[in-house]
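Structure first, commentary second.
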Amino acid sequence: MAGGGGGGGGAAPKQDDLTPHPVKDQLPGVSYCITSPPPWPEAVLLGFQHYLVMLGTTVIIPTALVPQMGGNNEDKAVVIQTLLFVAGINTLLQSFFGTRLPAVIGGSYTFVMPTISIILAGRYASEPNPHTKFLRIMRGTQGALIVASALQIIVGFSGLWRNVARYLSPLSAAPLVALVGFGLYELGFPSVAKCIEIGLPELILLVIFAMYLPHTVHMLKSIFDRFAVLFTIPIVWLYAYLLTVGGAYRNAPPKTQFHCRTDRSGLIGGAPWIRVPYPFQWGAPTFDAGEAFAMMAASFVALVESTGAFIAVSRYASATPIPPSVLSRGIGWQGIGILLDGLFGTGNGSSVSVENAGLLALTRVGSRRVVQISAGFMIFFSILGKFGAVFASIPAPIFAALYCIFFAYAGSAGLGFLQFCNLNSFRTKFILGFSVFMGLSVPQYFNEYTSVAGYGPVHTHSRWFNDMINVLFSSKAFVAGFVAYLLDNTIHRHESSVRRDRGYHWWDKFRSYRTDTRSEEFYSLPFNLNKFFPSV
């Protein structure tokens, strides 16, 4: 270590101290990468932890939508069970036949806006019976999802998305991936603050267990950081239960009681003991062209957001950058997932779970087997309704506290790609700064306008056209990714120095599946299927 010298001058720093950190195409420091599973007992616990984390979105979306559709607590419980069941199937399909990454495929907030538009459609307004109204709206949502799934199926399996992804550089990927995580900030602390006495302790405890205790209690280092969620959720959940039974919220406003109490979800009473979701359980889907177009716009936004999330997952699984052909294959299977959502009637479409991508970083376990085990938990608890409902009744502010860390981790994966770029280039600074700024600013304008006026800035006589445009430009990741991709591929692109500035040369060997030998290890299909479905 360099020490201070006499005579007023310190010793010159070592040459190593002045050398920048080396660029890594695989993230170091991961305990178990995509192909190296932990021991079975540990893998099962980690899989259950992934299941707990994805429950938040799985419960929050139907809880918001089903009452607006006219459904009761029983309907809400069945929708949550169905969403959980299909999420388990989609996660297995993606991990076996899609990208093969440890990505959880679950409910997506992107599809909420067109679903609300279907709920508000005039043809359902005259229905007097709430349950009949719920069934009719659910069938309309099913039809829109079935049609919208065709977009991702065609774009993915035809290889169209492969051609788009080949022009993605580290510079254009950075804003896209960063805003996939950071763009969900509204679901973080604002939701924690809805019951601050529960949400804030969960957030503080999670940081202590994951970041401080491992460096204090060295003997249990890998226990605390790897299972921080399993330690903290029961502690805060018990605390919330004691507040509830102790009468802390007896005279609180209804909204406070809904967010804070552990007995207000209505899920345990509404859930059946055993029920296997099945296709067309709400009846035959109905189709409307306008609603299908709006849902198709949401499907395209989900496609772009999932591209960023897949890239983040590949990073945290310590895999090499995902080849464009594998990414396109994954998008095709995600389209199959949305088709299953439509067939089973989840009331919502699917995309990559960003919070589970963040959990990979927290645990430093990117094993494919762990996520496949979590899919088993999803299917198991969706069939055993009462048991699943117990976990699903965890107060939402606890999940919001988890999001504060997991969305941040997912966003920081995007910032990590800047190591491949020349940050002293003014071209880089402009594209990076402008795309991130517009990715935050444009959706903010759309959301503010909608909250004041009750409809989006695009307000023509064609409701489906309005929904399409408003859905596209309300997504922070989509706007940031689109702006960065467009500028990066048009501004001085053919100049020799620009290729290095944007980091394009670092990803050259990953643009084809066969160019890097590690692609076979991470992304090859099982059961020797690569013979019949070769990647290019």
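Heads up, residue numbers simply count up from 1 along the chain you see.
Note: Cβ is positioned from N, Cα and C throughout, glycine not excepted.
Among the features that TrEMBL reports, compositional bias 'Gly residues' is placed at 1-11.
The region 'Disordered' annotation in TrEMBL covers 1-20.
What TrEMBL lists as transmembrane segment is 48-66 (among others). If one looks beyond the transmembrane segment (48-66) by at least 6 residues along the same chain, the residues whose Cβ comes under 8 Å of a Cβ in the stretch are 75-76, 79-80, 83-84, 87, 104, 106-109, 112, 115-116, 119, 134, 227, 229-230, 233, 265, 267, 347-348, 353, 355-356, 359, 363, 370-371, 373-374, 377-378, 381, 391-392, 394, 396, 399-400, 402-403, 406.
Only residues 6 or more beyond the boundaries of the transmembrane segment (78-97), in the same chain, are considered here, and those with a CB under 8 A from a CB of the stretch are 54-55, 58-59, 61-63, 66, 71, 103-107, 267, 270-272, 275-277, 281, 329-330, 333-334, 336-337, 340-341, 344-348, 350, 368, 371-372, 374-379, 381-383, 385, 388-389, 392, 525-526, 529. Residues annotated as transmembrane segment in TrEMBL: 78-97 (among others).
Annotation source TrEMBL lists transmembrane segment at 103-122 (among others).
Within the chain carrying the transmembrane segment (143-161), a Cβ under 8 angstroms from the stretch's Cβ atoms is held by residues 111, 114, 118, 285-288, 291-292, 294-296, 298-300, 302-303, 307, 324-325, 327-339, 341-343, 346, 349, 536, all 6 or more beyond its ends. What TrEMBL records for 143-161 (among others) is transmembrane segment.
Look at TrEMBL and you will find 195-215 (among others) tagged as transmembrane segment. Sequence-distant contacts of the transmembrane segment (195-215) (same chain, at least 6 residues past either end, Cβ-Cβ under 8 Å): 221-222, 224-225, 228-229, 231-233, 235-236, 239-240, 243, 256, 259-260, 362, 395, 397-398, 400-402, 404-405.
Annotation comment: TrEMBL describes 227-249 (among others) as transmembrane segment. Only residues 6 or more beyond the boundaries of the transmembrane segment (227-249), in the same chain, are considered here, and those with a CB under 8 A from a CB of the stretch are 45-46, 48-49, 52-53, 197-198, 201-202, 205-206, 209-210, 256-257, 260-263, 359, 362-363, 394-395, 398, 402.
Among the features that TrEMBL reports, transmembrane segment is placed at 370-392 (among others).
Taking Cβ pairs closer than 8 Å, the transmembrane segment (398-418) reaches residues 27, 53, 55-57, 59-60, 170-171, 173-185, 187-192, 194, 198-200, 202-203, 206-207, 210, 229, 233, 236-237, 240, 308-309, 311-312, 315-316, 354-359, 361-362, 432, 503 in its own chain, all 6 or more past its ends. Per TrEMBL, transmembrane segment is recorded for 398-418 (among others).
Residues annotated as transmembrane segment in TrEMBL: 430-447 (among others). If one looks beyond the transmembrane segment (430-447) by at least 6 residues along the same chain, the residues whose Cβ comes under 8 Å of a Cβ in the stretch are 171-172, 174-175, 178-179, 183, 418, 421, 456-457, 470, 473-477, 479-481, 483-484, 487-488, 491.
Positions annotated as transmembrane segment by TrEMBL: 467-487 (among others). Counting only same-chain residues 6+ beyond the ends of the transmembrane segment (467-487), those with a CB under 8 A from a CB of the stretch are 110, 113-114, 117, 167-168, 171-172, 174-176, 178-180, 182-183, 290, 293-294, 296-298, 300-301, 304-305, 307-308, 430-432, 434-436, 438-440, 442-443, 446-447, 450, 456-458.
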